[in-house]
Amino acid sequence: MYWWFAARELRRRNIHNAFKLNLFESARHIKGAWSFVWSTNIAHSIWSARNSCSTVLVGIVLGPAAAGLFKIAMTFFDAAGTPAGLLGKSFYPEVMRLDPRTTRPWLLGVKSGLLAGGIGILVALAVLIVGKPLISLVFGVKYLEAYDLIQVMLGAIVISMLGFPQESLLLMAGKQRAFLVAQTIASIGYIVLLFMFCHLFGVLGAAFAYFGGQCLDVVLSLIPTLKAFFQRHSLLYNAAGEKS
């Protein structure tokens, strides 16, 4: 019905061929369009697969009981990381409007990261306070062991929220391939840490591995971000620039 109403409104306004599929023709006029599309899609697919497979890998190494505890801890982590997701959705369109050759978008990224990190600390403190009674209430006393995992993973929340602007800054600078490489290496490193730490420390090792994976993600993304910042004068911008 939405499509029908849209088509009717377009006809009423005498707008023709609005629904014509010319994806490939349009992409030829936008430099680096396909590089952006494939790099970002593959990077986010890797990120989604890494998080989705974490519980399965813990189950393979340590068994279903440990996987259940890790899944509970991941549920708290995902809920606590919601503010970073909301900030990311608002930060990306704003920073993409700015000239990467100036300092303005980079300073905005630093300020946004510090703000998100402060929010992450507050969220971590809130989880520390309410986490234990909430687990007892929702999942039962026998799952209280998950609270130990949550305490370790709270550090990952703060780290990930501090580093959330880096993806948008790299995309703004046209360094989407660098972001893809960082995601790939961080994911491989995380899987290695997960298997190694699970064998060494049990289910608590999975939490340490997750923390290590988040640190790898942020650090490996920081390297090309800093490189792009120091070489910002050579970056391309197709609209009127901002004054630094």
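The backbone N, Cα and C atoms fix where each Cβ goes, and this holds for glycine too.
These numbers come from a predicted model, not from an experiment.
Among the ranges 131-148, 149-166, the one that TrEMBL lists as transmembrane segment is 149-166. Residues of the same chain lying 6 or more positions beyond the ends of the transmembrane segment (149-166) and with a Cβ under 8 Å from any Cβ of it are 69-70, 72-74, 76-77, 80-81, 83-84, 87-88, 91, 95, 108-110, 112-114, 116-117, 119-121, 123-124, 127-128, 131, 179, 203-204, 206-208, 210-211, 213-215, 217-218, 221-222, 225.
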